[in-house]
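Q: Sharing a structure with you now.
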Amino acid sequence: MNRVDNDEGVTPHPVTGLDDVVHQRVRLGILTIAHEARRVEFGYLRSQLALTAGNLSQHLGVLETAGLVEVEKGYEGKRGRTWVTLTEAGDAALAAEIGRLKLLIARVETTGTTDET
Amino acid sequence: MTSDAVPAGGDARRLLGEVRGLARRVRIAQRVTWLPLLVLAVVTFVAIPVTRVSRPITRDCQPVAGGGETCKVFDPGVDIYWLVAMVVAYIVITRGYVAVARDRGVGVRVLPYAISGVAATVVVFGLIAVGAGGWIVRDPQDLLHPPTSVQVLFRLLTPLGAIGVALLVLAWLERNVALLLFALGYLAVVLVPINFGWDTYWGGGWSEAPPLIISGSVLALGALGFAGAQRLRRAR
């Protein structure tokens with residue numbers, strides 16, 4: 001989390017609160033799908049996010065290391081399947097990210113300017 | 001979706017739009033709306049011969065001033081059928097939902113629907129068993145010719161009404177506007193006394209058949225409609 005404290009008492013810009021791990025588009029997509037589906041299979045994630053298996057594995061690795069998802073490997077019959085579940089921390093991180101994005105949009109609409117980082 | 005990072009301030013709206021789109025696609029993948037409608041249609045149709053064969057027990061009859069009498073009527077065969085059939089139906093629906101969703105690669109939240117469906121049925125039969133009609137309408141004369149509002153309430157407190165209430169829960173769980181509209185339409189059919197005059201002509205133990213045929217047909221048509229819509233969506 002790259003939050004910046006502001007000593008001058010000015011409300012920090014929502015951008016300063018964005019979490020790099022969560023804010024990345026693919027990872028935000030993984031978290032969103034896992035949140036909505038409660039439990040999601042690797043193949044579904046790959047098809048919905050249009051990723052290669054290797055690319056998706058890398059992103060899942062980042063999220064798993066950050067404690068935002070749990071990855072469970074198993075078999076259904078002879079077919080190997082990998083299931084991804086959102087952790088409580090992942091759920092909270094997703095909610096915080098969505099909240100910041102909404103705040104950012106509201107701020108842009110209020111000031112009438114587009115912010116770029 | 002690519003693996004590029006998005007400028008934090010510049011494209012928040014697009015990112016949120018993508019998030020909402022993904023969530024919507026998951027919700028669609030989780031839906032097996034035709035399944036509960038089909039299972040409940042079957043349960044409703046099977047209730048027709050059960051109702052015909054079962055023998056109601058009448059007791060505590062009291063004459064009403066101005067002619068007629070009011071009685072407590074129990075139909076153990078029908079009551080047991082509905083209770084068992086609904087529990088089995090909701091187990092089948094839950095297992096079906098979980099199996100289909102797993103096959104599609106997603107989890108599903110269907111248990112609250114099954115619980116509310118069984119709970120609504122148990123509440124309905126609990127109220128019937130304790131003779132709740134006598135609590136709602138105190139004057140026996142009114143019970144003989146209840147006002148429209150009471151008739152609507154009595155129709156809601158039936159297994160067919162319980163099916164409609166549980167479908168509203170499923171529509172909420174699935175965030176499914178089409179199912180919400182269907183459930184409201186179904187409830188309207190249950191609550192409005194439509195019988196096409198069958199009530200008069202059938203008689204002889206078949207008087208309960210028209211509402212069951214109508215409700216079962218609405219459910220079966222709904223199952224067909226939702227299955228067709230799902231097939232079309234998948235073909236696209």
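Backbone N, Cα and C atoms are what each Cβ position is placed from, and that goes for glycine too.
Just so it is clear, the model here is predicted, and its values are computed rather than measured.
According to TrEMBL:
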type	residues	note
TRANSMEM	B:32-50	transmembrane segment
TRANSMEM	B:80-98	transmembrane segment
TRANSMEM	B:110-132	transmembrane segment
TRANSMEM	B:152-172	transmembrane segment
TRANSMEM	B:179-198	transmembrane segment
TRANSMEM	B:210-229	transmembrane segment
Q: Pairs of Cβ atoms less than 8 Å apart decide it: which stretch in B:32-50, B:152-172, B:210-229 has the most with the transmembrane segment (B:110-132)?
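A: If we count Cβ pairs closer than 8 Å to the transmembrane segment (B:110-132), B:152-172 scores highest.
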Q: Residues sitting near the transmembrane segment (B:152-172): Cβ under 8 Å, six or more positions beyond its termini, same chain?
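A: Residues 33, 36, 40, 44, 47, 82, 86, 110, 112-113, 116-117, 120-121, 123-124, 127-128, 132-133, 136, 146, 179-180, 182-184, 186-187, 190-191, 193, 211-212, 215, 219 contact the transmembrane segment (B:152-172) from elsewhere in the chain.
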